[in-house]
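K.L.:
Structure below; questions to follow.
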Ligand code: C5P
């Protein structure tokens, strides 16, 4: 997997994706989420791959182990590079996901969502009945994911430091909520610059609107890439 910033392709049509990708002359690492995948299906994945880009298919699977295993077997045929599940589905589900995935393509990486960044400590206590801090809850799920043989987690850069010290440098920490200093926060509450995310231990950053909504997406991407790789 390349160490490029992962561009979140949060568009609602194939045309919009194509128009965006047409601007770039280099291989990219892009993220396709539920919104786009549910509207465009596996065909879009093949066409992005044909353009030579790497893909993080962000579908956050969460179901019984057998169903997730079979679903992953299907996704592995799409030849994507990175996929994810919810760690809350449990160790058996993660094992099954991994087994399904590796059946057709041993190179696809699997990461887990720990606690969504939209989850507050009050929700953790009152709705999930988890009495620990968010950090401890995230660490617990990240440890489960590592024990199950997953390659890493999606997390906030603010959690990456703890995960790096507890789970090691190479365990993937893929972090959204990234904003360069000259960018607006949009609906992200706690944001981090690419440089700081790197310092905190992120192994990959996911960046959407600062690139996709910029009047010059290519220039914005290159600036972010430079500060991330510097
Ligand atoms: O536009 P922006 O840079 O905020 O996009 C971030 C991307 O990462 C979006 O696709 C969003 O759904 C995703 N994401 C996130 N926070 C999480 C998990 C995923 O922003 N905790």
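Cβ coordinates come from backbone N, Cα and C, glycine included.
The domain 'Orotidine 5'-phosphate decarboxylase' annotation in TrEMBL covers 4-224. Annotation source TrEMBL lists substrate binding site at 10, 31, 58-67, 117, 179, 188, 208-209. The active site, for OMPdecase activity feature in TrEMBL is assigned to 58, 60, 63. Summarising the annotation, TrEMBL assigns active site, proton donor to 60.
Walk me through the surroundings of each of these features.
P.N.:
The secondary structure of residue 65 (substrate binding site), as reduced to three states from DSSP, is helical.
Residue 58 (active site, for OMPdecase activity): 25 other CB atoms within 10 A of its CB, across all protein chains.
According to DSSP, residue 60 (active site, proton donor) is assigned to a strand segment. Taking Cβ-Cβ distances under 8 Å and a sequence gap of 6 or more within the same chain, the neighbours of residue 60 (active site, proton donor) are 34, 84, 85, 86, 113.
Long-range Cβ proximity for residue 63 (active site, for OMPdecase activity), meaning a same-chain Cβ under 8 A and a gap of 6 or more residues, is found for 71, 89, 93.
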K.L.:
Restricting to the same chain and to sequence separations of six or more, state which residues have a Cβ under 8 Å from that of residue 10 (substrate binding site).
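P.N.:
Expected: 33, 35, 36, 208, 209, 212.
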K.L.:
State the three-class DSSP label for residue 208 (substrate binding site), counting H, G and I as helix, E and B as strand, and everything else as coil.
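P.N.:
Looking at the DSSP assignment, residue 208 (substrate binding site) belongs to neither helix nor strand, so coil.
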K.L.:
Provide, as an integer number of angstrom, the distance between the C-alpha atoms of residue 58 (active site, for OMPdecase activity) and residue 65 (substrate binding site).
P.N.:
18
